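**Q** Okay, these came from Swiss-Prot:
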{"type": "ZN_FING", "residues": "39-63", "note": "zinc finger"}
{"type": "DOMAIN", "residues": "257-338", "note": "domain 'Toprim'"}
{"type": "BINDING", "residues": "E263, D307", "note": "Mg(2+) 1 binding site"}
{"type": "BINDING", "residues": "D307, D309", "note": "Mg(2+) 2 binding site"}
Amino acid sequence: MVSLDTEVVNDLKSKVNIADLISQYVALSRTGKNYIGLCPFHGEKTPSFNVNAEKGFYHCFGCGRSGDAIEFLKEYNQVGFVDAVKELADFAGVTLNISDDREEKNNPNAPLFEINNQAARLYNILLMSTELGERARKYLEERGITDDVIKRFNIGLAPEENDFIFKNLSNKFDEEIMAKSGLFHFSNNNVFDAFTNRIMFPITNEYGHTIGFSGRKWQENDDSKAKYINTSATTIFDKSYELWNLDKAKPTISKQHEVYLMEGFMDVIAAYKAGINNVVASMGTALTEKHIRRLKQMAKKFVLVYDGDSAGQNAIYKAIDLIGESAVQIVKVPEGLDPDEYSKNYGLKGLSALMETGRIQPIEFLIDYLRPENLANLQTQLDFIEQISPMIAKLPSITAQDAYIRKLVEILPDFEYNQVEQAVNLRRENMTITDHPVSNLDASSLTESFTDENDYSSLESVMPVDFEEAYYENNVKTQQTYRRSESAQVVQPSVQVPKLSRSEKAEEMLLHRMIYHSSVLKKFSQDENFRFVHKRYQDLFDKILLEAMVYEQIDESHLASELSDEERSLFYQIISLDLPDTASSQEIKDLVSIFSNEMEQIKFEELIQQLATAEKAGNKERVLELTLQIINQKKKL
């Protein structure tokens, strides 16, 4: 049995490239030494999540979350320390027979996961080992659901009795857990199972925990109106957030950075049988922003494979608007069929071929979707051009614009190529004017303006590392994506960087130097008069100094484990700074000079306040004393 001491944990972490680990969950792009992606811990549209593979940590400049590989697994999978270590060991291919000396904190949702897991097991047993289950399996087999599919998706059967689950689980869980589980209805002091006489599809979260169910009616004599009934909203189940099959699809999505989006369970099952694994379903509900935010953490491309009927096409139209045209492709399922029906008519190979080669771009779908029925009317044609021309104008390729202009001309009986082209060009010009209202701007002038706005001041003296560029490189370039206008060639930041004062930037850079240069830390540890301006930096300095004194070195992982959440976030932010390896004495002097000046300014303002208090109190002796101090302090500024 292995005890999880520091040495064992650190040895395990050393075997793992943290960027490889996190890329299983988040789509990462390389930028210099680091990797960036959309933060999985808060909703964002612009990447601010940094991963440093060399030093083995991550840090989000948006929400401040940070840590090492184990901390990431704890946060992302909502598990305790031991489970995170086990997951990391599995990823590294290391076998650990763990005996944990630490007290695991209970996940507050663990009982809800467990009661739903046990219900899923009971439903599956009923399907696989009862006479009623045999009839239900025959029904499923006729619809292409084999025993292999039943096993993979843990499909089950709710019996006709309305108290089967209650009788089997009521003695194992308390009333509060049962009430919160979503498995029961309560009426007039009676308890009934929420699902009866239905094929049961367990709904799991992305970590594989059962969080709810969707029950499908299967018998002809079933008078219930709803084809599917879902678990009502609970603490652990939110239909606007969860996606069916995400736990099984996640590894392939993360690897390929592409996800197929479908409407229902049977569609996903058909795709699985066709050998396509990166497929999820929104369970019949409309796609939401929550769904998209989750998937964008793993995928860069979305392929919409919705039903071919009008409802499915309407859903595609709304999804394009939610996701953004540049990241979407559409598979139009012919003949108004859904993917499951298509696989039955044309075989699994036919479905696989359709999913891969039948993709079209959003603009092609929108031209067909928005095409009016009555194109004999001139005003209708004009309105159609007004709708489509901005979409064509946004296309980055002139060749693509030309192709879709020609497609419009084929549709419109009263318009020729040059007329439609003129409408598109006008839209393009209007877009350029809107994007760049100030004329005669070049890239350098905008960069200077942006720099001034965010107070990225350079050091007055010549330094080996430029203060402005060092901080800009880390806190701007690696956090932001930039939109480059083809017409003006102007780089525009897509988000605002959290502002730090010039002093705060200098303090962070000095702390970085102390962490990685023992001579710098030693120099300031021997200066009794040295202090940082801001308390959070002074507190961190004290703990860095203590780490060095006790252990005669600074171990980043160990130090991080000794810090509070707020201190740890600040620590990771500081060691994320991408500074040159060498540090000159002149650089250190200049950094200290920057925040020393602010310290002197603070002292000056405090003396002014004290003077006002003394004057108000009529203390002439104190007024004279403070006046002299203010004069002397003014000379230091």
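Using the three backbone atoms N, Cα and C, a Cβ is placed for every residue, glycine included.
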**Q** Taking all residues of the domain 'Toprim' (257-338) together, what is their mean pLDDT?
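**A** Mean model confidence (pLDDT) across the domain 'Toprim' (257-338) is 90.
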**Q** Count up the helix, strand and coil residues in the zinc finger (39-63) according to DSSP, in that order.
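**A** Counts, helix then strand then coil: 0 helix, 8 strand, 17 coil.
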**Q** State the Cα to Cα distance, in Å, between D309 (Mg(2+) 2 binding site) and E263 (Mg(2+) 1 binding site), rounded to an integer.
**A** 12
**Q** For E263 (Mg(2+) 1 binding site), just count the other CB atoms lying within 10 A of its CB, please.
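**A** I get 24 for this one.
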**Q** Tell me, if you would, which residue among D307, D309 (binding-site residues) has the fewest other CB atoms within 10 Å in the structure shown?
**A** D309
**Q** Within the domain 'Toprim' (257-338), how many residues are helix, strand or coil going by DSSP?
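**A** For the domain 'Toprim' (257-338), the helix, strand and coil counts are 37 helix, 16 strand, 29 coil.
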